[in-house]
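*Asks:* Feature table excerpt (TrEMBL):
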type	residues	note
DOMAIN	59-353	domain 'AB hydrolase-1'
ACT_SITE	164	active site, nucleophile
BINDING	236, 360	substrate binding site
ACT_SITE	329	active site
ACT_SITE	359	active site
Ligand SMILES: CC(=O)SCCNC(=O)CCNC(=O)[C@H](O)C(C)(C)COP(=O)(O)OP(=O)(O)OC[C@H]1O[C@@H](n2cnc3c(N)ncnc32)[C@H](O)[C@@H]1OP(=O)(O)O
Ligand SMILES: N[C@@H](CCO)C(=O)O
């Protein structure tokens, strides 16, 4: 199987590697001590930027991607990026994140597989980390991003934005580093993972671990790119159902057969074919061990951990905060965002993104997201 994992250039410099496409690398100056007790002796963060940082570094906006996203928020597909930007249309002159005014930074999460250090990266002993990669949390990824901000000379973000897993990180930034976040947009996310979200992630993790090529996560140096791709595909099928609304699936696919062949005579339903397609695409671009690690980080998300509980943590937030969700989201239901907005004194009332597309609406409804970004940035305070 052809894979498209990003990785730092072999000759990467200590502080910043040479760019590939738009992507650059920052190497943390020292080991990263993780919340769960592990240590990553060397960490590279891949990131992309748009626009120019102004003299007093007051125009920086941090954009944080979701589970299988990456730093390529905007722009065409190209070297290092098999797909166009996932919020294409949001960044650029005259757009919501106007690059004449804002300096936009988007890092790839640690533990991922799009250039930042993760299970497919080489460990200090010269072998892939694989199953030895330590457990990471949302808070750990933010701590790595704090060091990136320091290296870029950004003391305070004009805004931190993110959806889903990215929204968890945006919230963690706002609660963990209130003095460094002027405004926050938390989309389709939550303050603490629900039992339902943990269940869906758990089943997906089990699907990957059930693949005979999982090998405890130690598959990265198998010949011919072998690995738990089938398990990852099952995980993606399950996830993708939760990312879309039942009404949308019904309306788009109903009981249609794919290619005219009746499913009860050995064919597939069109909706099955659609899920197969998304499973295949993800298995080609994403590492199963990263998926397991990040899914578990999402399940472990609790902004109140060690802070006297969720409400106390949300009271720490001083950033002007906008919380929004998609009306048809069954994975991160709007009720969670309503609760989050109400429990966050610095937040405006919850905003609703109207979309038939369910959770993925935060990726698809770029125009509505752009309006929320514009509203947030209209009063930089
Ligand atoms: C911050 C981040 O989260 S970044 C990560 C975001 N990206 C992803 O999650 C990648 C996976 N993709 C997706 O989840 C979605 O495609 C989104 C959210 C990006 C966009 O959603 P939509 O525009 O509604 O696309 P949709 O879900 O309809 O998928 C379209 C694809 O399904 C394919 N498709 C549609 N019907 C069928 C079918 N019956 N059989 C097979 N394939 C089908 C289309 O050909 C198209 O393929 P392509 O993407 O390879 O061109
Ligand atoms: N489709 C998105 C949604 C996750 O929140 C992703 O794969 O990252």
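Every residue gets a Cβ built from N, Cα and C, even glycine.
Bear in mind that TrEMBL entries carry predicted annotations, made automatically and left uncurated.
On this model, are these features tucked inside or out on the surface, and what's nearby?
*Replies:* DSSP gives residue 164 (active site, nucleophile) a coil state; it is part of no helix or strand.
Here the Cβ of residue 360 (substrate binding site) has 23 other Cβ atoms within 10 Å, regardless of which shown protein chain they belong to.
Annotation note: residue 329 (active site) sits in a coil segment as assigned by DSSP. The Cβ of residue 329 (active site) lies under 8 Å from the Cβ of 188, 245, 358, 359, 361, each on the same chain and at least six residues away in sequence.
When Cβ atoms from all protein chains are considered, those within 10 Å of residue 359 (active site) total 25, not counting its own.
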*Asks:* Taking the domain 'AB hydrolase-1' (59-353) alone, what is its mean pLDDT?
*Replies:* 96
*Asks:* According to DSSP, collapsed to three classes, what secondary structure does residue 360 (substrate binding site) have?
*Replies:* helix
*Asks:* Long-range neighbours only, meaning 6 or more apart in sequence with Cβ under 8 Å: which ones does residue 164 (active site, nucleophile) have?
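*Replies:* Spatial neighbours, sequence-distant, of residue 164 (active site, nucleophile): 66, 67, 187, 188, 189, 332, 359, 362.
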*Asks:* For ligand 1, pick out the recorded positions 236, 329, 359 that have a CB under 6 angstroms away from one of its atoms.
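*Replies:* So the answer is none.
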*Asks:* Identify which of the following recorded positions, namely 236, 329, 360, place a Cβ less than 6 Å away from any atom of ligand 2, and list them by sequence position.
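*Replies:* With ligand 2 as the reference and 6 Å as the Cβ limit, the list reads 360.
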*Asks:* According to DSSP, which kind of secondary structure is residue 236 (substrate binding site) found in, if we only use helix, strand and coil?
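*Replies:* In three-state terms, residue 236 (substrate binding site) counts as helix.
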